[in-house]
Amino acid sequence: APPRARHAGSCSLEFDLATSLVGQPLVRQQVMNGVREFLENQNPVKPLVMSFHGSTGTGKTYVSSMLIRYLFQGGLQSPYVHHFSPIVHFPHAEHIEQYKDSLKRWIQGNLTNCGRSAFLFDEMDKMHPGLIDVIIPFLGPSWVVYGTNYRKAIFIFISNAGGEQINDMTLALWRARKDREEISLQDLEPAISKAVFENPQSGFWKSGIINEHLIDVVVPFLPLKHHHVKQCVISELNQQGLEVRPGVVQEVADSILYFPEEEKLFSSTGCKTVASRISLFF
């Protein structure tokens with residue numbers, strides 16, 4: 001069966017988000033609320049549609065694969081999980097009509113095969129504008145689409161779009177002495193929606209998905225501070241079976257670029273380059 005035992009899953013998902021995800025209180029809260037509500041509902045009126053936003057290395061791909069691991073046996077390797085990358089699957093702007101047709105058919109075919117399927121759209125900011133709107137009929141609250149009941153599906157969009165706005169807002173709130181734990185979705189959501197909807201380079205440009213409010217859960221990933229990067233270094237050392245030496249942890253964390261120029265508060269690449277840097281200090 002595609003989905004795992006639900007409540008055990010959400011329990012351990014909560015535990016994993018709490019212990020493995022660094023510096024993202026808002027992500028934990030948004031993801032858990034969205035997933036729990038969706039799984040507890042035997043007859044959802046529409047699929048679960050989540051959109052992850054934030055700059056590089058803040059944990060978007062990490063959380064999406066963690067989520068998929070809990071929902072599907074075999075995680076990303078499950079036959080019920082479908083992963084799209086614009087660079088791999090939709091590289092040429094001149095073939096957009098062909099892509100629209102095959103994307104629609106692919107989703108329709110897989111939902112006919114299994115209603116509880118997951119579709120991951122990576123790097124939405126690199127998607128050709130207009131392409132993603134072909135999936136609108138699958139996202140809304142209609143009962144049956146193209147003869148398929150599809151309301152138990154899960155769609156996850158991952159995007160760097162809105163990352164700059166999230167970073168600016170986090171910085172402004174930090175300057176206003178507001179702790180990151182106090183940052184709410186209301187602080188960030190309007191800026192994210194504006195950034196993705198009004199940017200002609202974004203896959204969500206003037207998209208009906210945004211316009212018709214088809215996204216159930218917007219998940220903002222905040223920029224990571226120096227002590228978060230150190231936590232990433234520690235967990236990476238553990239994962240590689242290397243000794244956790246405080247000097248090395250400090251050196252790796254210090255070797256990363258931080259912004260803004262003046263305060264050097266947030267890591268420019270989040271935790272993304274941590275793994276590759278460790279070898280430089282060992």
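Backbone N, Cα and C atoms are what each Cβ position is placed from, and that goes for glycine too.
Residues annotated as ATP binding site in TrEMBL: GLY54, SER55, THR56, GLY57, THR58, GLY59, LYS60, THR61. Among the features that TrEMBL reports, domain 'Torsin-1A C-terminal' is placed at 224-279.
Shown on the structure are the features that TrEMBL records.
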| residue | record | contacts (Cβ under 8 Å, 6+ apart) |
| --- | --- | --- |
| GLY54 | ATP binding site | LYS60, ASN160, GLY162, GLY163, ILE166, PRO220, PHE221, LEU222, PRO223 |
| SER55 | ATP binding site | ASN160, GLY163, GLU164, ILE166, ASN167, PHE221, PRO223, GLY270 |
| THR56 | ATP binding site | ASN160, GLY163, SER268, THR269, GLY270, LYS272 |
| GLY57 | ATP binding site | LEU224, SER267, THR269, GLY270, CYS271, LYS272, THR273 |
| THR58 | ATP binding site | GLN24, GLY163, PHE221, LEU222, PRO223, LEU224, GLY270, CYS271 |
| GLY59 | ATP binding site | LEU21, VAL22, GLN24, VAL27, PHE221, GLY270, CYS271 |
| THR61 | ATP binding site | ASP122, ILE158 |
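Across the range of the domain 'Torsin-1A C-terminal' (224-279), the DSSP-based residue counts are 29 helix, 5 strand, 22 coil. Note on the domain 'Torsin-1A C-terminal' (224-279): mean pLDDT across this stretch is 95.
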